[in-house]
C-alpha cells in the first residue's frame, strides 16, 4: 500500500472518530428538536428572521457599523453566529439552516477535543502508537461531548458553548506554536480566537492554561526560556491584532463612558457578594463530580449526579498519581485545581478570594467574572485529558502482555474491558445530560412556527414611509403559542427598529393618558399591541392604551390560535398611531419640564421654537445629516437612545450637547440655514480596529505562504 493511500486511510479514520461519531451522537440526543417541524428557539437563542433582505442587511450593518449606536453590544458573534448562519440560510433556507447550525455547535466540543488531544499526544510524545493516541483522544472527546456542561447541547447552540468548543483546539495550536514557531499554527490560533470570543470567558481560560504551560515548560528548562518568552509576546500581539475590531472600540467605549452596554456591563453594576452568591451555582462537590445539585435558576434544575460519578475524580486522581513524573500531567493537574477553585465561585473554601479577584478587575474585565460556572471548561478539559490518558495507558499495558495462547480471545477481552471503563465514565455524565435535556432542552426548544399575524404586521410596517421606530406591547416572556420565555420577542423580529415597552410600562402608562408625548421623545410612531402573552396582564395593558388621548387606533384584528389538541383561542392585535410623533429628529423640548434644564443656557421657549427642519437623512446607522433654517438659537432632539458619544457638528465645530437621559439633544446657537452632522464617534475606533484586524490577517497569511516557500524564514 502506498504512503498516500495510508495517509488517506488514516485521515478517513480520524474523520470518522473525530467528526462522524460526535455528530451522530449529538443528532441522537437532539432528535426531538431536529426532526420536528418548525424552528427551534428559546430565551436568548433567537434563530429567526423576517426575510432575506432584512436578514442580510442586519448582517452587513453588524459587520461594518458599530451598532452599539442603537444600544447593542460589541460584535462578538460575527464569526461564530452571524456569518455561518447567514451562509446556511442562504443555501438551505431558514428552518434547515437553524437545525444544522444547532447540531454543528452541539457537536463541536467533541470534534475540537478529539483533534486537540491528538495534537497534544503527538507533540508531548505521550504514546508510541497512533492507535493509542486515537483512543486517548476519543475518550476525552466523548467526555466533553456528553457532559451537561456542553451548553451547545443543553442550550441548543447558545453562545457560551464557544468557550468549551475552542479552548482545547486553541490550546493545542498555542502549544504547537510555542514549541515550533509555526506561523500556520499561530494563524490557526488567531482564527480560533475570532470564534471563541463569542464567549469572552475564553480569554481567561486560554490565558490561565497558557501561563500554566509556560510555567511548567520554563520550570523544567527543556527549552530556551527567552525563546518561549518572545513567542509568548508574538502570540499576545497576534491575538490582539486579529481581535482589534472589537477590542479597540470596546476599550475606548469604557474609557469615554459610552452608553448602553458600557454602563451596564461593569463590575460596579454586576459584582457584589449577593450577585456572586446567586450565580455560583455549583459547590465544590458539584464541580468534582461534574454535576449539579437541585436549585432554581430560570427552571428547577434536578440533581444530576450520584455515587457513580465518583469514578470521574477517582480515575483522574489515579492518572495523576501514576503519571506524576510527567510534566504535562502536572500541567493538567494544576489546570484542574485552578478550574475547580474558579468554577465553584464564592462557595467555600476560598470563596472570598474569588470575590476579591472579580471586584478588583476594572470595567468589563471584572464584570465577566460574575458567572463562575463559565470556568467549567478548565475542569472538563483537564478531566478529559487525565481520564483519556489513563484509559489509553491501561489499554497499552494490556496490549503489551505476552499472552500468545488464546490470543484472539484475549484481544477481544481487552477491548471489552477498555470499552467497559469508558462506559463506566460516560454513563453518569450522560445520565445527567439526559436529565437536563428532558427537563429543559427538549420542551423549551421544541420547534415552533411564529404565527403569521406577526409577518403580516411586519409586512405592513415595512411599507410605511419614513424613518420611525415602533413599540411592541408586551415584549418578552411566554406566549400562548410558545409557553416558554422568549427574550425580546417580538422586538428582534420587528421589520422596523423597536423600542422596549419597559420605557413606558408599568409606569407611566398606568398613570397618564398622554403617553404619546414620551413616545415622541423615543421616536415611536406606532404602538403594536398583541394579546397573546402569558406573562403580562393583557386586558389591563390594552385598557391603559385605549385610554391614551394621543394614540389613535388605525388597525385591529382578532387572531385565532389553534392548539395541537384542536382547541382555539382568539386574541386581539391592534396598531396605534402616535399623534404626537414628529420624526427621528425634531426641534422641540424632549419633555414638558425640559425648559427648566435650559435656564442656564439663557434660551427662552420662544427662541427655541423659531427654527424648522428643512430636511434630514440617515447616511448610515451611525451618521445623520440635518438641514435647519433658524432665526434664533434652538434645541435639536435626536431620538436615538442617549449616549454621550453621539456628537453633533457644524462643519468642524462640535455642538454643545444637553443630557436628558432618555435621548440626545444639542443646543445650536447659530442662525440661518445650517447643515448639521450627527455622528457616533465610537465608529471611528471600530473602523480603526477593523483595519488593524484586516491588515494583520493579510500580513500573517502572507508570512505563512512566504515561509512555506522559503523554509529558512522563521519567527522568533
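Cβ coordinates come from backbone N, Cα and C, glycine included.
According to TrEMBL:
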TRANSMEM  12-35  transmembrane segment
TRANSMEM  76-94  transmembrane segment
TRANSMEM  100-121  transmembrane segment
TRANSMEM  133-155  transmembrane segment
TRANSMEM  161-179  transmembrane segment
TRANSMEM  186-213  transmembrane segment
TRANSMEM  233-257  transmembrane segment
TRANSMEM  305-323  transmembrane segment
TRANSMEM  328-347  transmembrane segment
TRANSMEM  376-395  transmembrane segment
TRANSMEM  415-437  transmembrane segment
TRANSMEM  685-706  transmembrane segment
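Of the Cβ pairs linking the transmembrane segment (161-179) with the transmembrane segment (100-121) and spaced 6 or more residues apart, 3 or more are under 8 Å, so the two regions touch.
Ranked by the number of CB pairs under 8 Å to the transmembrane segment (12-35), the listed stretches 76-94, 133-155, 186-213, 233-257, 415-437 are led by 133-155. Across 76-94, 233-257, 305-323, 376-395, 685-706, the stretch most heavily in contact with the transmembrane segment (415-437), judged by Cβ pairs under 8 Å, is 305-323.
Proximity of distant same-chain residues to the transmembrane segment (305-323), defined by a Cβ-Cβ separation under 8 Å and at least 6 residues beyond the stretch ends, is recorded for 286, 288-292, 329, 333, 336, 382-383, 386-387, 389-391, 393, 424-425, 427-429, 432.
Segment contact is absent for the transmembrane segment (133-155) and the transmembrane segment (233-257), given fewer than three CB pairs below 8 angstroms at sequence separation of 6 or more. Among the recorded stretches 100-121, 376-395, 685-706, the one sharing the largest number of Cβ pairs closer than 8 Å with the transmembrane segment (233-257) is 685-706. Here the transmembrane segment (100-121) has long-range neighbours at 14, 17-19, 21-23, 25-27, 29-30, 33-34, 40, 47, 84-85, 88, 92, 127, 133-134, 136-138, 140-145, 150, 152-153, 156-158, 161-162, 164-166, 168-169, 171-173, 175-176, 328, 381, 384-385, 388, meaning same-chain residues at least 6 beyond its ends whose C-beta is under 8 angstroms from one of its own. Beyond the ends of the transmembrane segment (186-213), by six or more residues, the same chain brings 76-81, 159-163, 165-167, 169-171, 173-175, 177-178, 232, 234-235, 238-239, 242-243, 246, 331, 334-335, 338-339, 364, 368-369, 371, 374-375, 377-378, 696-697, 700-701, 704, 715 to within a C-beta distance below 8 angstroms of the stretch.
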